[in-house]
Amino acid sequence: MRPLQERIINELKVKPEINAEEEIRRSVDFLKDYLKKHPFLKALVLGISGGQDSTLAGKLSQMAISELREETGDDAYQFIAVRLPYGDQADEQDAMDAIEFMQADKTVRVNIKQAADAMVQSIEENGLEISDFNKGNIKARERMIAQYGIAGAVSGAVVGTDHAAEAITGFYTKYGDGGADITPLWRLDKRQGRAMLELLNAPEHLYKKVPTADLEEDRPALPDEVALGVTYNDIDDYLEGKEVADNVAEKIENWFLKTEHKRHMPINVYDTFWK
């Protein structure tokens, strides 16, 4: 095993193999324990895209909330699934299929187009140019603003979808989809999350769907694997301690090192990771 590979695996807490049933229970109990420790919190809030990660995180969240209501008799507990399209979303049906699968207590829809466009316009009025890529990050941050607004209105915590295969590459927007209160998928790679959805009898098209952030207008629905230049299968193999081709390992490690700042709170004078 490569030295950096071992360090990454230890940092991200990835197991070479999992028992899907045990990991489902672990995530559900983790969410329940967090809410019980913070009795002022009565809701879990999560943006639903219709992809594998939000489908799994949403199902686990609803399971945790349902169990809490039954165990405590407190009907105030709720899970809120949030649709956050930018205008019209091409895969809207997938998102609705995911919400139906998780049987969300409540669905809220917030179209972020007006807010995102207004932000871009306001910045560009100052003589600055916002690239399409930069605008994509603005969209992601507007989505998180909406989720925290909803969570604030219902005494809730925002659930994140970050997992090991995403964390290793930093393939998320800093303070956008990378910002959340609690991340029940942390420690899992992509294939492990898929195994959990299979066990939960999720609709197959939701976890076999080609992963995409779909933030760029110049390159709509750009597959993650194209953007990264590496497949999730290779990333998962690397995270599980398996041997991958040197050029693949180098690309994964380059992403990890380049995006290290995303896995830290704002840098302070005592931080040394960046030196």
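Using the three backbone atoms N, Cα and C, a Cβ is placed for every residue, glycine included.
Here Swiss-Prot flags GLY47, ILE48, SER49, GLY50, GLY51, GLN52, ASP53, SER54, THR161, LYS190, THR212 as ATP binding site, drawing on sequence analysis. In the shown protein chains, 19 other C-beta atoms lie within 10 A of the C-beta of THR212 (ATP binding site).
The Mg(2+) binding site annotation in Swiss-Prot covers ASP53, GLU166, and the record cites sequence analysis as its basis. ASP53 (ATP binding site) counts 22 other C-beta atoms within 10 Å of its own C-beta, drawing on all protein chains shown.
For ARG141, LYS174, ASP181, HIS261, LYS262, the entry in Swiss-Prot reads deamido-NAD(+) binding site, with the evidence type sequence analysis. Counting every protein chain shown, 16 other Cβ atoms lie within 10 Å of the Cβ of LYS262 (deamido-NAD(+) binding site). Under the DSSP three-state reduction, LYS262 (deamido-NAD(+) binding site) is assigned to helix.
Each of the binding-site residues GLY47, GLY51 was scored by the other Cβ atoms within 10 Å of its Cβ; the lowest score goes to GLY51. Counting other Cβ atoms within 10 Å of each Cβ, the binding-site residues GLU166, ASP181 show the lowest value at ASP181. Among the record's deamido-NAD(+) binders, ARG141, LYS174, ASP181, HIS261, LYS262, no two C-alpha atoms are more than 18 Å apart, and one pair sits at exactly that spread.
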